[in-house]
Amino acid sequence: MQTRNAFSWIKKEITRSISVLLMIYIITRAPISNAYPIFAQQGYENPREATGRIVCANCHLANKPVDIEVPQAILPDTVFEAVVRIPYDMQVKQVLANGKKGALNVGAVLILPEGFELAPPDRLSPEIKEKIGNLSFQSYRPTKKNIIVIGPVPGKKYSEITFPILSPDPATKRDVYFLKYPIYVGGTRGRGQIYPDGSKSNNNVYNATATGVVNKKIRKEKGGYEITIVDGSDGREVIDIIPPGPELLVSEGESIKLDQPLTSNPNVGGFGQGDAEIVLQDPLRVQGLLLFLASIILAQIFLVLKKKQFEKVQLSEMNF
C-alpha cells in the first residue's frame, strides 16, 4: 500500500513539473519567435496584398523609409545585387520584451518577379560573399523562391543588406520573358507593436479602457504597472495592466477619459516599403544594338574620309 502511494506521489510530481516547464516555455518563447519576420507567413499566403501593401505593416505601425537599388538591366542567368537600405538613428534604443532597453534589429522582405531567385552559393563572387557576411536568407515559402526574407539581424551591422539574386533564363523557363519587371521591398527596424496573433507587444501605447479617476497605481515586482480606474458614473473598478517598458504618464487621483494614453509611445522603429524596376535583357538585342552602333560609327568614318577625298579633288581642280 505504501509503495503504491509512493508511486502515485512521484507520478503527480513529475506531471506537475512537466506542466510548469511547458508553461514557462510557452510564456518565454512565444514573444521571441513571433518577432521574426518569417513567422508572419503563418497568416498570409502572399506578403503583398492586392492593394500593394506589404503585410509587415500590420505589426510595425510606424511609417519609416526604405530604399532599394538594383541594376537597370540584367542578362539571363546572371547573378546581380539587390541592395536594401534601412536607415535609422543608430543612437536610439528600443524597448525589449523584458522591458529593458537594447539595440534595434532590422529585417526585410524582397518580392522578386517569378523566375528570379536567391543565387546559389557556388555562383557568388568573393566580393558578394564579403558583402553578405554571415547573413542567412530564407524563402517566404518553399514554393515561392522569388520571395526572400531576412531578419531580425543587428541593425548597426546590417542597416544595408545585399541580396544576391539569380536572373532567370527564358530559354529554359517558358513562363519568363524579356521584359521590364517590378521588384518590391519591405524593411523593418525595431520590434513590432502587434504580434501575428493580434496581441499587443510592450513596444506600444497603452490606453485607458474606461473613463474615471485613477484610484491606484501599483508597480509590479517584475516591472510594469497595475492601474485601477474608478468609473465616476457607477463606481465600478476597472484594472488596466501595463507591461514593463512603456513610461507611465498618469498619477493617482487624475481624471482620465476612455482611450486616453496611460503611457508614452516607446516605439522608435517602424516599417517602410518601396519598389524598383529591372529589365531582363535579351543578349541578341544587345548584340544587335552594338552592331547598329558600330555600323553608325563606320558610316561616320567613311563619310569623313569621303569628304576629305572630295576636298582634295576640288583643290586639285582649282590648281589647274
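Yeah, the Cβs are placed from backbone N, Cα and C, and that goes for glycine too.
Among the features that Swiss-Prot reports, signal peptide is placed at 1-35, with the record citing similarity to another entry.
Annotated heme binding site per Swiss-Prot: Tyr36, Cys56, Cys59, His60, in sequence order. The C-beta environment of His60 (heme binding site), restricted to residues of the same chain at least 6 apart in sequence and closer than 8 Å, consists of Thr188, Gly190, Gly192, Gln193, Gly269, Gly270, Phe271. The secondary structure of His60 (heme binding site), as reduced to three states from DSSP, is coil rather than helix or strand.
Annotation source Swiss-Prot lists transmembrane segment at 286-305, citing sequence analysis.
All chains included, 21 other C-beta atoms sit within 10 angstroms of the C-beta of Cys59 (heme binding site).
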